[in-house]
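Report on the following structure.
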Amino acid sequence: MEKDPGCHQDVAKTAGEMLGPEAQLDDMVGAHTDYNEEEEEQKYFRRKRLGVVKNVLAASLAAMLTYSVYLGLLQMQLILHYDETYREVKYSNMELEDIDRKVLMGINVTPVVALLYTPVLIRFFGTKWTMFLAVGIYALFVSSNYWERYFTLVPSAVAIGVAIVPLWASLGNYITRMAQKYYEYANYKEEHVQEQRQAPRGACSAYIVVFQTIFYICFHLSFICAQMPMLFFLNNYIYQLNHTLYGVKRCGTLSHGTLTGFNKTVLHSLPRSVNLIVVESVLMAAAFLAMLVVLLLCGSAYRTTEEIDLRSIGWGNIFQLPFKHMRDYRLRHLLPFFIYSGFEVLFVCNDFSLNYGVCTLGLEKLAYLLIAYGFSASTCSSFALCMLRLQRQYPLLAGALLHASILVTLFCWAPMPRQVEQAPLLYTIAALWGMGSALNKTGISILLGMLYEDKERQDFVFTIYHWWQALAIFAVYLWSGLPMKAKLSLMLLALGLAAGSYGWMERRLAQRVAFRLPRMPRPRHRASGYRYLEDNDSDETNSEGEGTSRDNSHPPAEEDETPRDDKEQRN
């Protein structure tokens, strides 16, 4: 029997129609001939590295804006409240002088207890959100100045004191973590990066140097920006030096307390309330911008699973670990440098600026003196990049030597009041002090990042650093009534002790003396959920009964502390 040829044609046509969609599907979802997996991987990690750089710049900008607003507003507030006429005309019997004393007390005294809550705060909220919360508290301080009363100014000042150490500890931790993440994205093909193991010691050092340098270059610009309200607003109302310094008899090393004899009336006319509101609104906008920068531009410092691990070691352990870390001889040898770091920044903003600068040049030149300091500190922060080629102790010891020579000069120098011919020398000293401050601040942060590369320890270490710095600032607040020679002697003593102690630490490290690090407790997780499933667990829909029996058979997480490798306990 002969087959119909038309039937064969229909079958072939039907088969072709059936194969057509499959071929189209292959063309749509199949691998493209021009797809280069390695090139796409390089583009992905390049975007990741650019994201890290964006995070560092955003955090630096936020810190600069925050402290520009804070320092500028506090300086303007203290000058206005110091004027006798302003107090009586604007606020009559409010006792603004007493309120200002309590504001300064709240800012300087509250950080004394910061070691008790800062690590818990950072682990609970996370590094980024701690930064955001602290910047928000600084913005609250600005908003309280719209209505200056005891119950607005003093509580906001206490809140500032609470936020100082968490802000700086989280910033130091954040910049160091960004350096480590940049290393991971730049070396993504390395085996230890792919397995999420710790990098070899010293692998991230170059990135830490660069990122901390960028941060302090930006941050020290805050001393310049903080003088904008003084330059463009308050200087229009300030008396010249012949009036404000009329009763001042001694300056410099012969002075006692804070600018004894300074005139109680420093404003020749009172600023209008509308103008004050405009200035405070500009500062409030800058503070709000800093909050938005942290919120929108700063990425997370840790992966989500890493934050869970950091938080899951137990709140009691988180509370104890900063105290345990201070048993490490490296931190103990650095404590004098932490203390001196707090001494020097408040000394230049208070004692040097007033007892040397204002006493000689007048209050109207205070802004220019601090601008010279801030510009020099910002520019000279880049000198820390020499740690990429030279030994790490050079910047710190060079800054210490520079400050020691300036302190000896100030100890022997007593300029005459209203002697404006001394202006070039004063600006030079302010610029040189800024150079030493830049080497000090940048060098310490880089050194801590190099010595403590474990991501689970960095928040504790930076908390210890900034807590001791806050204690030193509190000590400077207490000694404000001492003679200038006593203050300079204490500064020289602290600086000599800091340099000697640091040199001894480097010598012990060179001799391979073992240091003592507390063991980090293991994260304690529940044995359920998708994050911590074991290899033999299943998330299939038909395994619910088996999953229940396996969950009950898991032993509880151990609470012992995990030891570190011996290689990681050597520098």
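These residue numbers are counts, starting from 1, taken along the chain as shown.
Glycine too: its Cβ is placed from the backbone N, Cα and C atoms.
Straight from TrEMBL, the features:
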TRANSMEM  52-73  transmembrane segment
TRANSMEM  103-122  transmembrane segment
TRANSMEM  129-147  transmembrane segment
TRANSMEM  153-175  transmembrane segment
TRANSMEM  206-234  transmembrane segment
TRANSMEM  276-302  transmembrane segment
TRANSMEM  334-354  transmembrane segment
TRANSMEM  366-388  transmembrane segment
TRANSMEM  395-416  transmembrane segment
TRANSMEM  428-452  transmembrane segment
TRANSMEM  464-482  transmembrane segment
TRANSMEM  488-505  transmembrane segment
REGION    528-571  region 'Disordered'
COMPBIAS  547-557  compositional bias 'Basic and acidic residues'
Best-contacting stretch, by C-beta pairs under 8 Å, relative to the transmembrane segment (153-175) and drawn from 52-73, 206-234, 276-302, 395-416, 464-482: 464-482
Contact call for the transmembrane segment (103-122) against the transmembrane segment (334-354), three or more Cβ pairs under 8 Å: no
Tertiary contacts of the transmembrane segment (366-388) (same chain, 6+ residues out, Cβ under 8 Å): 206, 209-210, 212-213, 216-224, 226-227, 230-231, 235, 348-349, 353-354, 357-358, 394-395, 426-427, 430-435, 437-439, 441-443, 446
Stretch with greatest number of CB pairs under 8 Å, the transmembrane segment (334-354) reference, 52-73, 206-234, 395-416, 428-452, 464-482 candidates: 464-482
Residues of the parent chain within Cβ reach of the transmembrane segment (129-147), under 8 Å, 6 or more residues beyond its termini: 59, 62, 66, 69-70, 73, 77, 121-122, 153, 155-157, 159-160, 162-164, 166-167, 169-171, 174, 277, 280, 283-284, 287-288, 290-291, 294-295, 298
Stretch of maximal Cβ-Cβ contact with the transmembrane segment (488-505) [cut-off: under 8 Å; candidates 52-73, 395-416, 464-482]: 395-416
Selected stretch (most C-beta pairs under 8 A with the transmembrane segment (206-234)) from 52-73, 395-416, 428-452, 464-482: 52-73
